[in-house]
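**Student:** Can you keep this structure in mind? I'll have questions shortly.
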Amino acid sequence: MQMYRPLVKLLFRLLWFLPLTAPQAAEEIVFDNFSKRINLVKQDAHYRVAATGHRVSLSRRVIVKTAASVAKAEVLAFHPKVSAVTELFVGRAFRYYALTLGSEEQLPGVLKALRRLQLEGRVDIELVQPDILQLKSKSEADISGSGKSSYFSLLAIDALWQKTKGKGVRIAVIDDGFNLDHEDLQHIRPIFSYDSETRSLNASAQALTDNHGTKVAGIIFAAHDGLGIKGIAPEADLIALRQPDTWTSNTLLSFQLAKLAGADVINCSWHSQWLLQPIVEIVNELAYNGRDGKGIAVVFAAGNQGREITTGSNEASIEQALVVGANGEDFRPLSFSNYGPTVDLFTYGVGAQSTLVTGQYGTFSGTSLASAIVSGLSALLIAEQPGITLTQLARRLTLITTNNKGYPQLDGENRARKQ
């Protein structure tokens, strides 16, 4: 044993100089969402929502809500690590800004400091969140062999065409991009186009996988020219907004651009995996104050997981949105369609022919199809009656999409809560 004493002494000396530290806890981001504390735990290159397990990505941006009177220069002074401020959305009583930091590593400290300033009331901050990227679900079901497009007769769209084909109504479509060189979409001259990913005034699809927006555009806008298909509102104006991701900042900006471009209807044939407070607040703002107080129809797809939409689960749970499920030719909800108290109406989702990004035609189905149909119908009804309110529009849509059967679970109940 004596021969090992020098080695033992050396080991003790080395250990003496090693720092005595507890195991490092995983880096955590803390913020509020609907007055609930949210903890994001660092996990490799991503973060995990501690309570739900959702995986998200963060950036060096912070989302801040202020009173409407707070200017960019004031926001820039909120913290010395803020290098730039971008205005994202302006409501009647509030504004949303994106604050850019020097690096993502500064995010935890800046969030903590801004939350402290908010709680102390030292600056006019109403909400602080990181800019979050989460998964986006396009609400198209896989129904092979369908594509009859029988919704024209089922919904008596021909009768509406005797009065209008949507002229003068502006429909914003927020999606993954558009091929407006398609033979059935070449007549479209967007009144505004923007790509939130490239920050350019061009909403063209960037890859063959960017197929969803072109399908939505075909259902709503396809020309009545004897070629392939017919759109529901071919004379309506398109506001083309390419947003292939769910960064909170990009979503807020897309809705702001739709509002500034004068949208009467905003089509969102998708939903994310987790509902964030800023999205709810801007949808409510548009529904209450858009169209000079008559309300912009913000149309969301219910989703195709065949489950009940729970409170705060995703955009389909927003009460002030027009949330659309899918039904069949018998006007009964389809088994794959999500459902719940926030679903305002169900309409045809079995399958229809639409335009593809490749320039060809293919099948489109699910609640994505159903919400595109409702957006087109909304344009026809607004063109026919420009003074129609969002509440009145929802009631007329319910009558049309239930074939005047007035199923009690769909008729009036949800919209009455949204007035």
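Positions of Cβ are set from backbone N, Cα and C atoms, glycine also.
Remember, predicted model here, so these are calculated numbers, not experimental data.
The signal peptide annotation in TrEMBL covers 1-25. Annotation source TrEMBL lists domain 'Peptidase S8/S53' at 166-410. Here TrEMBL flags ASP175, HIS212, SER368 as active site, charge relay system.
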**Student:** Looking only at the domain 'Peptidase S8/S53' (166-410), what is the model's average confidence as pLDDT?
**Tutor:** 95
**Student:** What whole-number Å value do you get for the CA-CA distance of HIS212 (active site, charge relay system) and SER368 (active site, charge relay system)?
**Tutor:** 9
**Student:** What Cα-Cα separation, expressed in whole Å, is found between ASP175 (active site, charge relay system) and SER368 (active site, charge relay system)?
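**Tutor:** About 11 Å separates the two Cα atoms.
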**Student:** Within 10 Å of the Cβ of ASP175 (active site, charge relay system), how many other Cβ atoms can you find? Include all protein chains, please.
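**Tutor:** I get 29 for this one.
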**Student:** Within a 10 Å radius around the Cβ, which one of these active-site residues has the most neighbouring Cβ atoms: HIS212, SER368?
**Tutor:** SER368
